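Record features (TrEMBL):
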COILED    743-770  coiled coil
COMPBIAS  913-925  compositional bias 'Basic and acidic residues'
COMPBIAS  926-938  compositional bias 'Basic residues'
DOMAIN    788-889  domain 'Small-subunit processome Utp12'
REGION    714-734  region 'Disordered'
REGION    913-938  region 'Disordered'
REPEAT    81-103  repeat 'WD'
REPEAT    104-137  repeat 'WD'
REPEAT    146-187  repeat 'WD'
REPEAT    188-222  repeat 'WD'
REPEAT    388-428  repeat 'WD'
REPEAT    569-610  repeat 'WD'
REPEAT    611-652  repeat 'WD'
REPEAT    653-685  repeat 'WD'
Amino acid sequence: MVKAYLRYEPALTFGVIASPESNVCYDPSGRLLLAGALDRLAAWDLKRGLPSISFAPSSSSPSLAVYCIASSTSAAVSSSIASGHADGSIRLWDAETGACEATLHGHRSAASALRFAPSGAVLASGSKDCDVILWDVVAQAGLFRLRGHRDQVTDLVFLDSGKKLVSCSKDKFIRVWDLETQHCLQIVGGHRSEIWSMDVDPSERFLVSGSADPELRVFRIRQSVEEGEDWSKWDVLKLFGEIPRQSKERVATVTFNRDGTLVACQVAGKTADIYRVLDETEAMRKAKRRMHRKKEKASAKSMIAEGNGTVIDPLPAQDLQNPSVTVTDVFKLLQVLRASKKICSVSFSPSNPPRGCLATLSISLNNNTLETYSVDSEKVSKMYSIEMHGHRSDIRSVSLNSEDNLLMSTSHNAVKIWNPSTGDCLRTIDSGYGLCSAFVGNRFALVGTKSGTLEIIDIASGSLTEVIEAHAGSIRSIVPIPDEDGTVGARGFVTGSADHDVKFWEYQQLQKSDNDSKQLTVTNVRTLKMTEDVLAVSISPQGKHIAVALLDCNVKVYHMDTLKHFLTLFGHKLPVLCMDISSDGALIVTGSADKNLKIWGMDFGDCHKSIFAHSDSVMDVKFVYRTHYMFSVGKDRTVKYWDADKFELLLTLEGHHAEVWCLTISSRGDFIVTGSHDRSIRRWDRTEEQLFIEEEKEKRLEETFEADLDNDNEYRYGQKDDAPDEGSVGVPGRKTKETITSADAIMDALDTAEEELKRLNQHKLEEQNNGRAAKFQPNVIMQGHSPSDYVLNVVSSIRPNDLEQALLALPFSDALKLMSYLKEWSLIPSKVELVCRVCLVLLQTHHNQLTTTPAARSLLTDLKDILYCRVKECKDTIGFNLAAMDHLKELLAMRSDAPFRDAKAKLMEIRQELLKRSDRPDGNEKRKKKRKKASGES
């Protein structure tokens, strides 16, 4: 009989506030700040410092890491948030519910830039594959692909109400695209290094681009050519000037605020320069002052020259009266924001700033922190900071208490206590660099640090009660000593260190301090001297044996009572980094830097099996209580589930984006918790779903096959040299597993429908010949539909973004079968758009074969007449409905008691007023003083 196991699945991810790879931006309402948190988005309420909504994909994988985020200010489209991921996919999210509306596949490598058009109905995406793709957000399908850049596309900007698109790239060029004719209008050079970011002000006067050059380049945007201006016929951008930068690091982000009066230039360092953008009147006034100073200097020079007998030409009078405005007259350095750590991204708030401030600016730091600053003419002040919900660096150890309701994690400067069920941070205690940890009951905890100190923490008060100089080297392991009845940690604990010592500790009686609170103290009772650095320590559940892993790649087992040598386990080629003993004391498993797991018998020390477990070092391994199942984690970012009796891999859990350092298992084995270098803590829950070893092996083979699906792309991450200078247009989608599955479904449906039509015709022929025939039995697979309706249902069920690629995969014979159904489908009003899409793709793909096939000529002639009429009817219906809606809108606007007239604007005004009141905590006090003053005068 085949043995079945229970599956573990990802349940919760917490500890990440903002990923350094992703940008930050505000949601459409301007109340929440969106930040990428590995493979999901988090919407943070900055005032409360709490996450409001989490946007998580259905599956968790390092290939789904969020690289870029964009939000739309238009309320016409529900999918107002977009995220670009490491696998090239684009996801559209509902800002209200956090649900994923669509997943768009088109890029062959990681998405690097996203931007919504002003209408919100079109989304532009750029990628490391050097292409720009335009997406229809409403139809959730690609429009077209723009090729021309020869390196990664870094930023995108829409111009002229979404009719033009500007893209910049690491190939040092800026391209201007006309989206109506789908061609490149202008190629702008001048940058001497890679262009990393650009932005345009809301009035579309200036476009500012930044690179590693020591200055920002400012371009004027062509709106209307006046007489005397030297614009060429097709130019959209014209160089206005260069702004010298304050920092030597490359530019990372350039962004304007909501009204275009400020522009922020964030560099790949700890600073962000904020410039003031003057309007035309102020810029002209500044230019006149500049010319006036220039005139004074010239007059002073002329007076000196007259005394020397020389003559200097005076300044032209026209330049003095009508000076030309330069870029330094428009852009003025206002403030320099200096952060404590490296800044990853900046974003201006679209909401109204607090009173007395020019704007509100939010930044993400590379130490897992979000900060918000208020910008005024005098200074930049910090308003809010979100840092409690995650560690500043990677997580080195995790441990659960005996009741599994508290989780402790350690990092380089802090210890955090979490609720493992919800992921909420309960306590944060400053500490040293914690490498290992353990609970003492439910009130105290022990932390072993890199400096060799042992820290005792009071969980209830969230304080560090005592620091003991326990070892001369870093403490690598803290293991509670179990009683003979299996009670863990009742007698004391053992520490292993790099100073070659294994020390045994006992708990002292709880002493009362001055404030009547009980404190825990420990004392060293025994010390076991070793010849090498101690890397790991493990104690058998009954407390009979202690195993010590040393730097010489061996594991030594001793009797606990006498500390006499019992066994030596040797066989690893590199040091053993972790080990664990099963709850029945029969097996010990060791994990090493040689990527292997070895399973040993505790009776004779014989090696039962050596397993090549991970593709990098094994960092931790634990047995599930009362079983011989075990979990291992490694630097290869995976968590693996094993059967130590059958030596079989049961399950591979992927989700972490960096090395996994540690894991802990609940006392009942119903969930495990892992900590990683990506600063995330992940909980994996045991489900009721059964898994079988053979099925899992087949799944792994299929995943290997699917991973090689796109390996034939020559420019997956490299530069492209085959695109013409003037650019080209391509198909937006790409071949994926879903498109191949969809193409197979269409071909199966066509074959099934063809067989059903043959059976119908044969049945009719028999009925005509015999006069009577048996009742026709339809195919059960078709579920009572006619052949035409069955094929239509299959085609309609394909996602709009996958339809084009699925049709491209059809052979000509099946494409001809599919076109024979289009005439009947076009009579259904709701399917006219689908019929037109299918017909257009098949005509473009198989044009030569269709024109040379006699059987297809009559079909094409009929479709030409029918589709033209049907499309015209749909356009007339849509136009009529739009006109009727405009008429109803005018009628509502004319009524003084219209219930919903300007409802959204009024709601936003009320929200802004409430926010202003909340920002003025002393408002009530001022009103009280005025009342007292008025009563005193009376």
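Glycine residues also receive a Cβ, built from the backbone N, Cα and C atoms like all the rest.
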Long-range neighbours of the repeat 'WD' (569-610), counting only residues six or more past its ends (CB under 8 A): 535-536, 538-542, 544-545, 547, 549-557, 616-623, 625-628, 630, 632, 634, 642, 644, 647
Long-range Cβ neighbours of the repeat 'WD' (104-137) (under 8 Å; 6 or more residues past either end): 67-77, 79-80, 82-92, 143-147, 149-158, 161-162, 165, 167, 169, 171, 177, 179, 710, 713, 715-717, 719-720, 723, 730, 732-734, 736, 738-739, 801-802
DSSP-derived helix, strand and coil totals, residue by residue, for the domain 'Small-subunit processome Utp12' (788-889): 89 helix, 0 strand, 13 coil
Residue counts (helix, strand, coil, in that order) that DSSP gives for the repeat 'WD' (569-610): 0 helix, 23 strand, 19 coil
